[in-house]
Amino acid sequence: MDEEEQLPAWRSSPPRVVAVLVSRRGERWLPQTLASLAQLEHLPAEWVAVDVAPQEDASGTLLREALGDAHVVEAPAGTGFGDAVRLGLEHASGPAEWIWLLHDDAIVDPGALTALLDEATSAEDIAVVGPKIREWPSLQRLLEVGRTVTGTGRLETGLEPGEPDAGQHDWPRDVLAVNTAGMLVRNDAWERLGGLDPALPLFFDDVDFGWRVARAGLRTRTAPPAVIFHAEASARRTRRRRVVAGEQRRAAVYTVLANETGFRFWWQSVRFVLGSLLRMIADLVFKDTRGARGEAAALRSVFAAPRRMRGARRDRAATATVARRDIRHLFPSAWLPYQHGWDVMVESVQAMVRPEAVQTLGRRASSLDVLDEEIVVEDADRWYRRYPWATTLLVLVLLALIAARGLWTGSVASPVLPASPDSVADWWRDLMARTVDGAGLPASSWPAPYLPVIALVGLPFAFAPGLLPWTILVLAVPLAAMTAHRFGRLITDHRVARMIWAVSYGVLVAGTGAVAQGRLGTVVALVLAPLLANVVTHTLVTPSWTRAAQVGLWLAVVSVFAPAGFLIAIVAIAGLLIVARLRPPRELVAGVVAAALVAGPSWWARFLHPSLWWWEAGVPRGVDTTALDILGGLGGGPGATLPWLSFGVLVLGVLALVPRATRYEVSVSWVVALSGLVIAAIGMLVPAVAGPPGSSAWSGLGSAIWIAGLGTAALLAAGETARAGRRVALGLTVLALVFPLGAGAWWVARGIEGPLASTAEPTVPAYLADQDITTLMVSGDIEDGVTIDVVHGRGPHLGQETARAAPERRDDFAAVVARLVAEPSSASVQDLADAGVQAIYLPDASTDAAVRISAAPGLAPAGSDRPGSRVWTVEVEPSDDIDTPEASAARPVLVGVWLLGWGALAIGAIPGRGRAEQEEEL
């Protein structure tokens, strides 16, 4: 078969093609566009150029010089693309068989029209053909080979972002629509369908037209051999024009609703309304007010004109001959929009925690580069060598699980950490309830300061809230190391030193004893401290109100879990400003004030009772702490490491003051370190609310900040202090490794169990705890004095430990118990019943108090599962006129305002984003 017989039939009798080129402020691209058109292998029978808004640039001059005056027609500003094409066709000298639509910012390959006609004439039912579009000026990146639309109104090309053209899409196929840049349309189909919809002047006109073509029983095809290079001038904002808020969204909603039929029309209407409302909320959260206005404008434009929508649907029904289900294959999967949303979320998370690849290392200025040289590897090496920090984190997670042996049940408790409730709903109930019974006696006190945080963060653990404190405590070391490493990127570009420092900081959290003792407040504060330091630093350097909200948010979370953290932050910031001789930015001041405001009334009480600053989340149980513990970065008590392990950090911190080049930055770190030391030292002088006799308040947070500050000083001066040579660098590295290796070994070998346990040991016999009744526990004897405690069920769960009855009510109850022990009577037993007490428990039945209580009428002896103890149940019914204290009826409203304050601060802390209009070209 010879070559002529293989050629398409149209080449022997070419159809009449009218090319319509629409230009609007296109003088920047027209010279190259017109030059490419002159190189076409097959020329159209007639050229028509439409110059929109001719008075605004020299596009008309360029068009006339290339095509001649007779082939250029002017259109007023604001003319849409479809109307411009319609005007151009009216200006043509004769009827067309095919219409070729062109943009002023698209270069045409010489064989483009030939390839389009080859595909267009290959079958009788083909009405539209489109080219393969690549990026101009790169000329390699694919932009689209056909397009469609999702059910959410999102344009879909089926290409990966930045996908290069390697011939992977070089086969013709049916599509829903093609771009108007290079679109070849059969004239009879154009006239039958009425051309492009004038209601879509810029966006989605091609999708709408392709949809109508498909419903008319015709086909839209791609012709990949036809190539056009598109500059996307409007999408890249390189074309000047007035952008109307929401115009693209409005076009998408209009296109989908105008073309959908039957039930799908109503379903899509509801979907667009709800989806737009959610997008508006998201836009406002991310401070994209333009995007929110656009969503609102789109809804208003489409749904406020039902007559126009009915007319559009009527016009499309008049030309439709094919059912919607017959063209279903032209649309993407219904799950695709949600897959895109998932991908965006995954990419965002990866951007926050993405590990650093060692193969990107270049030459560093630090003299510790001799260590880096040992780990710089090629891409072909194993992943754990290419991603050392990710590998380190993985190892820390595995070691954390080993250290948590015996605690794998998913819940933790200790004498300091109350057990978690059965459901997150209990935390929300504690927030809103006017009466709290968590501490035994009914109380109307304000909720714990940290309760809003755990109630919200605990939502993913709805029916297993114990997983939240379990995750924080068990994974405390890798979490703290991760946040420290991220902050370390701001401090130094030396990876080896930063990794050692980050691991040391993570191990420090466990080394204080906070994890093994279940001190949730200290652990949360230390995990978040690097994030707080990061935003404070950025606020000092580049202040903004978003930074202020971030300072407020992180400082508030740290403060409600560990109020001493607020004191440390204030002292550190004040010292930093003094050392740096800076005036405090108003944004920083606003952030600190916002943190104090959202902390809540129960947190504000610390300004009236200063000893409460050391009462963290959980039971305020003290420890026996020594000055050596504080200097070694420990809090004292079970689980704390040996103080001398921190000796290397102390030496490195002092040596960091020697180099002059980094002395200023090191001084700032010393200010932070000393702030922690001062607050820890003061805490040693504060007597504990509960705990062994003579014990002091927990000061582990301040002591940990002391060592962390010294370690940061050493990190800042790592390069300078090692300039003496390789031996000194290695010696300092060995010194720096003493603490992470020693404390890490202690952490893994000892484990974090004890006193931390999987379940909380009830303070009363198990059967009383299981009956969920209120028990009076009496310890001691009459001669030395008795200690009383009221336990409801198993005791308060996490978040209820701060609930306390009013002082006068506690005094009245103490007087009732005193009368019962001194002179037992039916009246004193009745008073106990009226106070809600249902049982009395004495851990030591050998005391004289047991003899007195057993003589009281109205008490029935009961068994006890603990040797040497006694239990009585109260047989007297409570009076009908019991006065149960309740908070104000406005309590739920006030708590709602409190939660709104937290929400406003969280929203304000989210970095804003300007959502650029994804504009299509004219």
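Using the three backbone atoms N, Cα and C, a Cβ is placed for every residue, glycine included.
Annotated transmembrane segment per TrEMBL: 389-408 (among others), in sequence order.
Look at TrEMBL and you will find 450-479 (among others) tagged as transmembrane segment.
Listed as Cβ neighbours of the transmembrane segment (500-533) (distance under 8 Å, sequence separation of 6 or more from its ends, same chain) are residues 392, 396, 403, 412-417, 450, 469, 472-473, 476-488, 551, 554-555, 557-558, 561-562, 565, 569, 616-618, 623, 633-641, 645, 649, 672, 698, 700-701, 703-705, 707-708, 711-712, 714-715, 733, 736-737, 739-740, 743-744, 746-747, 750-756, 798. For 500-533 (among others), the entry in TrEMBL reads transmembrane segment.
Annotation comment: TrEMBL describes 553-579 (among others) as transmembrane segment.
The annotation transmembrane segment is assigned in TrEMBL to 588-605 (among others). Long-range contacts of the transmembrane segment (588-605) within its own chain (CB-CB distance under 8 A, at least 6 residues past either end) are made by residues 445-449, 452, 536, 539-540, 543, 545, 547-553, 555-556, 559-560, 563, 566, 569-570, 573, 612, 802, 898, 901-902, 905.
Sequence-distant contacts of the transmembrane segment (641-658), counting only residues of its own chain at least 6 positions beyond either end whose CB sits under 8 Å from a CB of the stretch, comprise 504, 511, 513, 628-629, 631-634, 666-667, 669-670, 673, 707, 709-711, 713-714, 716-717, 721, 732, 735-739, 742-743, 746-747. As annotated by TrEMBL, transmembrane segment applies to 641-658 (among others).
If you look up TrEMBL, you'll see 670-690 (among others) marked as transmembrane segment. Same-chain residues lying 6 or more positions outside the transmembrane segment (670-690) and placing a CB less than 8 Å from one of its CB atoms are 533, 564, 567-568, 571-572, 575-576, 579, 611, 614-615, 619-623, 625, 627, 630-631, 653, 657, 696-710, 712-713.
Residues annotated as transmembrane segment in TrEMBL: 696-716 (among others).
Residues or ranges marked as transmembrane segment by TrEMBL: 728-749 (among others).
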The transmembrane segment (389-408) and the transmembrane segment (696-716) contact flag, 3+ Cβ pairs under 8 angstroms: no
